[in-house]
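Here's what TrEMBL has on this protein:
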TRANSMEM  12-30  transmembrane segment
REGION    33-71  region 'Disordered'
DOMAIN    91-554  domain 'Amino acid permease/ SLC12A'
TRANSMEM  94-114  transmembrane segment
TRANSMEM  120-146  transmembrane segment
TRANSMEM  167-194  transmembrane segment
TRANSMEM  200-219  transmembrane segment
TRANSMEM  231-253  transmembrane segment
TRANSMEM  273-293  transmembrane segment
TRANSMEM  314-333  transmembrane segment
TRANSMEM  368-388  transmembrane segment
TRANSMEM  415-432  transmembrane segment
TRANSMEM  444-467  transmembrane segment
TRANSMEM  488-509  transmembrane segment
Amino acid sequence: MHTNSPLSPSLSALLAFLAQAIYVTFFFVPRPPQQPRSSKARNDDMTTPDEAGTKVIAQDNASRSSSRDEEMGILTPVENNQLKKSLKNRHLQMIAMGGAIGAGLFIGSGAALSAGGPGSVLICYTLIGIMMLFTCQALAELSVVYPSNGAFFEHCLRFLDPTWGFAIGWGYALTWLIILPFELIAASITIQFWNDTINMGVWVTVFLVVLALIQIFGVRGYGEVECALSVIKIIACTGFIILGIVINTGAVGRQGYLGGEYWSDPGAFRNGFEGFASVFVIASFSFGGTELAGLAAAESENPEKSVPKACKQVFWRISFFYILNLFIMGLILPSDDPRLLGSEGANSKASPFVLAIQDAGIKVLPHIMNGVITIAVISVANSSSFGFTRTVQAMAQVGMAPTCLAKIDKQGRPVRCTIVLLLFALIAYVGLAPNDAGMKLFDWLLAVTGVTYFFIWGSICLAHIRFRKAMEVQGLSLDLVPYKPSGGVWGSWIALIFNGVCLAAAFYVCAKPKPGATAAETAEKFFKGYLAAPVMFVLWLGWKVKTGEWRLQTPLHAIDLKTDAKFRDPVNFEPEEKKPLRKRMLGALF
């Protein structure tokens, strides 16, 4: 009955893409070597602290790395060059910052304001900010002890289950792989704010070439570019806060003094519970990429200090630059403005920041803000290259991706992974097809990545919980852990529950039919928003079938806490001098 639907070609192309991905994953990828060791041998191999809890665990990483086995969730790696440890403290801080400030803030927040009102925006973004604080702190603790290239992918292998680690790794890699061509198109769309006569394919080519040039300089190039772009975004956010206060007081613009008028009319909340749930989901998606600081730990000069510092500052920076911006925006722009209905993708003309400035009658600033949005989109594209290449290289190194992709050149660059990424980015030209045919395909490709972040963030928290529990079961003191977050294991439990709530809210929003929608339209809406969940299940089940290992999780006593661990020496450890409160507050923001 729906054979003539315009979505049919897109669905066919998506199914073909998924079928090819499944074939490459489960049939082309070689089965990882299994070298099982008895539980007794593993326990005998462990060295525990003495009665005072101060004996250092003896480590010989070079001799032990070849003894990883699938049963423990740590597979035999291939010999390779090493990634360069070129990232400094400032790089990691800006990477964490850049992951939180992007098109989700500058454009997507408009859809959130329209869906739920300023009250819902303030509450939901604050709650998600707290969730990300606990998640990033859990990731920081794990990344300091195990600063591996794959970060949370390898943490899932070690502390949860190899199969779930496989699903998380591929889910995360596919997310960045698909986001890159979409962001190239999005950056091209922002250029149309100034000039819509030049074909967008020209700008896609320009941005793709720039991205390829950045890859030549390796991780240092990525870090420096993120530093520069993040500084621009921070200046823009700070400037908008000041400008918003000036507009609200009536010093600029034609509206006069606004105060809290828009919180009364049209009101602080819109569309009831559905509106609140929608904002909750939009807010969650806006924070995608914050976890990149943990992924960069393996290429940091001093992960023991830089990773915790970067992750601890996420909440305060989000509070200042993110939540305060959204609060100001809710004061100077009404949530029932019909122009906000177009706030999605890279439609910078519907950005609430641009609209608020235009309503104030300021002619130059909308162009500056559009330039900031373009930079934010390019920053996401730059991050996608880092997230995909490092994750896939780590998976290939343990046999969960084609082993040819494990290659690292002498400059510490995963060149083959980068080539795959840039070749896939060429699909951006398909998105420029006439009559929106290409963008319909992109809608379904993006659906594959929809709720993946909730699985990733939840897995980080669960891995941290099981790490702490395994330390207790195996009799190891927490004094060996260089960094322990303030929220402890309870923070991870809170964030894990929040991720479950986010999944439930996303399910509700996706499954609830729109007024007057047909059954087919409702089904399409659901799968466009929730397709990532069954994709994750297929990845998990497919690897279970391939390996024949049906155990749901690695037993706590069998978790390998020792291999490649960077435990500290509790005897010779000198605690860092505590800085005055004034310096700590300034350091948290800048």
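Heads up, the Cβ atoms here are built off N, Cα and C, so glycines get one too.
These figures come from a predicted structure and were not determined experimentally.
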*Sort out the residues at least 6 away from either end of the transmembrane segment (231-253), same chain, that have Cβ-Cβ distances under 8 Å to it, and list them.*
94, 97-98, 101-102, 105, 259, 321-322, 324-325, 328-329, 331-332, 353, 356-357, 359-362, 365, 368-369, 372, 375-376, 379
*Which residues of the same chain, at least 6 past either end of the transmembrane segment (94-114), have a Cβ under 8 Å from a Cβ in it?*
87, 120-121, 124-125, 132, 136, 186, 223, 226-227, 229-231, 233-234, 237, 270, 278-279, 282-283, 285-293, 296, 310-311, 313-314, 317-318, 321-322, 325-326, 329-330, 333, 335-337, 340-341, 343-348, 350-353, 355, 369, 372-373, 376-377, 379-380, 383
*Residues of the parent chain within Cβ reach of the transmembrane segment (167-194), under 8 Å, 6 or more residues beyond its termini*: 21, 25, 103, 150, 152-153, 156, 200-201, 203-204, 207-208, 211, 288, 345-349, 367, 370, 373-374, 377-378, 380-381, 383-385, 387-388, 391-392, 394-395, 400-401, 421, 424-428, 431-432, 439, 442, 445-446, 448-449, 452-453, 455-456, 459, 532, 535-537, 539-540, 543
*Can you name the far-off residues of the same chain, 6+ from the ends of the transmembrane segment (415-432), with a Cβ under 8 Å from a Cβ of it?*
177, 180-182, 184-185, 199-201, 204, 208, 211-212, 215, 384-385, 388-390, 392-393, 396, 404-405, 407-409, 438-439, 441-442
*Please figure out which one of 200-219, 314-333, 488-509 racks up the most CB pairs under 8 Å against the transmembrane segment (368-388).*
200-219
*Take the transmembrane segment (200-219) and find every residue of the same chain, 6 or more past its ends, with a Cβ under 8 Å from one of its Cβ atoms.*
83-84, 86-87, 184-185, 187-189, 191-192, 225, 296, 299, 378, 381-382, 385-386, 411-413, 418, 422, 425-426, 428-429, 432
*Cβ pairs under 8 Å with the transmembrane segment (488-509): which stretch of 120-146, 314-333, 444-467 has the most?*
444-467
_Checking distant contacts: for the transmembrane segment (120-146), what same-chain residues at least six beyond its ends satisfy Cβ-Cβ under 8 A?_
96, 100, 109, 112-113, 152, 154-155, 158, 268-270, 275-276, 279-280, 282-284, 286-287, 290-291, 293-294, 297, 303-304, 307-308, 310-312, 314-315, 318-319, 322-323, 326-327, 330, 457, 460-461, 463-464, 467, 481-487, 491-492, 494-495, 498-499, 502, 564-567
